[in-house]
Amino acid sequence: MGLSQDNLKGVVLALLSSGFIGASFVIKKKGLRRAAAVSGVRAGCGGYAYLLEPLWWLGMITMIVGEVANFVAYAFAPAILVTPLGALSIIVSAVLAQFMLKEKLHRLGVLGCVMCISGSVVIVIHAPQESPITSVQEIWTMATQSAFLVYLGSVIVLVFLLIFHFVPRCGHTNVLVFTGICSLMGSLSVMSVKALGTALKLTFEGKNQLFYPETWFFLFIVATCVITQMNYLNKALDTFNTAVVSPIYYVMFTSLTILASVIMFKDWDGQSMGSIVSELCGFIAVLSGTILLNSTKDSDRGSSFRGGHAPLSPTLSTGLFSGNGETPKQDEENVLLSEEICLRKQELL
């Protein structure tokens, strides 16, 4: 199935986004190392010398450019196409880290990269064509249809149930609680981001959508969902291992986002069963590759600790969550944690 012009623009923007975000991890880590070498105080120990390091700011700017490209991509292409491509940022960071940071990418990691790329190609080839949208009010009509209202109501009920019932009881022992809240809210934030991005796109084309209250309502939803999402993502990363949180969050977030998009925008309407099955297979390949990449790196760290030595630098591919929800401070603490452990061991000796 050929790509439409809008889908092609969305794919290019999504690929650029993954490239910039993946590279930003490596650049920021080099900046963190350089700042720690100069000041002697690491970010994980409360140091803020990296704020004076130009290389770290270059990484931040690179990440922001990537996030902007990701935002614009949703205005051109369906979420079922854009969201899974975010996994490619892991490949970029893993490959760059091997050459620039000397972090080894093992054979299983290479296999995970190949699976992500293959799955992404399948998704792009069989991606659905979106119907042209001429007004933000059309999106509002989609958002208020009965099927999506049922999904919206279910998400709200589940989020409140998780926050007020499960968080106090098992939030700090079950990783699915915090990641579940992030993923559910994340699916709504993507739908709102797509609506807002489309409204801005139409405005720049000369069809002003800023006069419609629906545009500002979608902006409010984006802000609310992102704040809630980041709050509980920080809790998850602070409580559990990043290598555990990242793949679980990515699988849940991407799955729920695609489900929400299929319900709201009816992405699969008019597609053949073969195309739908191909998209699902590509999606499963991307998820499997992502999990394989993260589990490989997690086992690397585990084997290093069992051998009595802390790894010199954990891989940046565990920063998967940054493709749809970045927490820079947590990333800075994680990437230097193992070096801190190593130094403490030396002090004890």
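Keep in mind that glycine also has a Cβ here, set from the backbone N, Cα and C atoms.
Quick look at what TrEMBL annotates:
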TRANSMEM  6-27  transmembrane segment
TRANSMEM  48-65  transmembrane segment
TRANSMEM  71-96  transmembrane segment
TRANSMEM  108-128  transmembrane segment
TRANSMEM  148-168  transmembrane segment
TRANSMEM  175-196  transmembrane segment
TRANSMEM  216-233  transmembrane segment
TRANSMEM  240-264  transmembrane segment
TRANSMEM  276-296  transmembrane segment
REGION    302-332  region 'Disordered'
COMPBIAS  314-327  compositional bias 'Polar residues'
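Relative to the transmembrane segment (276-296), the listed stretch 240-264 leads the set 71-96, 148-168, 175-196, 216-233, 240-264 in CB pairs under 8 A.
Through the fold, the transmembrane segment (175-196) approaches residues 71, 74-75, 79, 83, 136, 139-140, 143, 152, 155, 158-159, 162-163, 166-167, 214-215, 218-219, 221-222, 225-226, 228-229, 232-233, 235-236, 239-240, 244-245, 248-249, 252-253, 255-257, 259-261, 264-265, 324-325 of its own chain, all at least 6 residues removed from its boundaries and within a Cβ separation under 8 Å. Across the candidate stretches 71-96, 108-128, 216-233, the maximum count of CB pairs under 8 A to the transmembrane segment (240-264) is reached by 71-96. Distant neighbours of the transmembrane segment (216-233): 136, 139, 159, 178-179, 181-182, 185-186, 188-189, 192-193, 195-196, 199, 245, 249, 321, 325, 327; these residues of the same chain sit at least 6 beyond its ends, with a Cβ under 8 Å from one of its Cβ atoms. Sequence-distant contacts of the transmembrane segment (71-96), counting only residues of its own chain at least 6 positions beyond either end whose CB sits under 8 Å from a CB of the stretch, comprise 6-7, 9-11, 13-15, 17-19, 21-23, 25-26, 103, 105, 109, 113, 116-117, 119-120, 123-124, 127-128, 130, 190-191, 193-194, 197-198, 200-201, 250, 254, 257-258, 260-262, 265, 267, 279, 282-283, 286, 289-290, 293-294, 315-317, 319-320, 322-324.
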